[in-house]
Ligand SMILES: C[S@@+](CC[C@H](N)C(=O)[O-])C[C@H]1O[C@@H](n2cnc3c(N)ncnc32)[C@H](O)[C@@H]1O
């Protein structure tokens, strides 16, 4: 059956994601391939995929009350259809229940699942009748169950958040991670100011606002029908506000040699170039050659002329950079990405507890590869888009224990007054979406070489 409807496309993308695809890439490919002329169909497709991935735990809790068989016994395609139907019934109020039932059953038929149409119809009918009386576990009585079933976290992650943050903050964070992420731009100081960017956006029918913390950030609050202006001219870089805080915290100066050890796709590298007005030497490395190409493309578009990009595995010190030759190093390390779950909702179900130890080992090895390149007195900034202690405090503690010539340094004196609430009591940056202007969860620490 050819894919012509947003529901069928969403069903197919969810199948691909179950087999390892990334949701954002699969959605982009589907939107290019399919002729969904109506913008509402395109929006529905995206909403269905992201909604089901984000709220799978919640959907399964509701469905399991309406289905006689355990959900684990259902055919994967049937469960996928039930989740799609349940998401529309529970979370998309503008779609009438009878339309959800009809569309889901018709899609099942079209997919050759005639044998399951009775079950699908029965379960969704019962959910329609009982949706107001679902006994969602309450946050104050049963926080673990609330995190799993109402806020849709896998059991291990719910447990992890509770241990690290306590019940109240864990629930606030989990609720924020269910929201769509803001779409944020960084005005590229080499070519424009934030005021110019905002003016161009308004003229083109979009609505933006200034970010609270990042001084060149714009949150796009309402998108018009036209393309965003200024992309090919290099007026902006798409970059979350938390990510926009990292380059300023490295506090690079003109004339310095800066190593960006895990640089692709280059958001922070090009920000470093803009902050030094192209008057530093920036070595931008990344493991994957195809991602290094993205750094070069971004640098060209944004007018960053001081970046040398090449591929390298930073778990080994590069032989083309002399020891003690870098004034500053940024290690924006690969991580579990739990701080950006809003942008990659499939990670919620793909990540496993053992990933944290694997990531921590990689992060430690990259730090060890970068350490000899820093000059005495130089600064190393380590950042990750996650919040787990394994990938933050514990990685740094292990690194400092093995590198006695490094010491931890407080970031607060290097940040403007209105950023002070973003740091913990040891002076590490610790942003959280429910607390700080909706930005992604990032963690960063400053280390100095003695
Ligand atoms: C968090 S991303 C970096 C984002 C980038 N700093 C930015 O702002 O656009 C981590 C990067 O580390 C790279 N990476 C993973 N393992 C690496 C290794 N062993 N050596 C160098 N880079 C690595 C990944 O390819 C990925 O691009």
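Our numbering is plain: 1 for the first residue shown, then up by one each step along the chain.
Just so it is clear, glycine is given a Cβ too, placed from its N, Cα and C backbone atoms.
What TrEMBL says about a protein is an automatic prediction, not a curated fact.
Neighbour density for residue 385 (active site, nucleophile): within 10 A of its CB lie 27 other CB atoms from the protein chains shown. Following the DSSP three-state reduction, the secondary structure of residue 385 (active site, nucleophile) is coil. TrEMBL lists 385 with the feature active site, nucleophile.
Around residue 268 (S-adenosyl-L-methionine binding site), a 10 Å sphere centred on its CB holds 25 further CB atoms from the protein chains shown. Taken from TrEMBL, the feature S-adenosyl-L-methionine binding site applies to 262, 263, 264, 265, 266, 267, 268, 286, 313, 332.
The domain 'SAM-dependent MTase RsmB/NOP-type' feature in TrEMBL is assigned to 173-450.
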In the chain carrying residue 262 (S-adenosyl-L-methionine binding site), residues 6 or more apart in sequence that have Cβ under 8 angstroms from it: 285, 286, 287, 314, 331, 332, 333, 334, 366
Pairwise CA distance, residue 268 (S-adenosyl-L-methionine binding site) versus residue 385 (active site, nucleophile), rounded so that it is a whole Å: 13
Site diameter for S-adenosyl-L-methionine, Å, by largest Cα distance between 262, 263, 264, 265, 266, 267, 268, 286, 313, 332: 19
Residue with minimal Cβ packing [other Cβ atoms within 10 Å] among the binding-site residues 264, 266, 313: 313
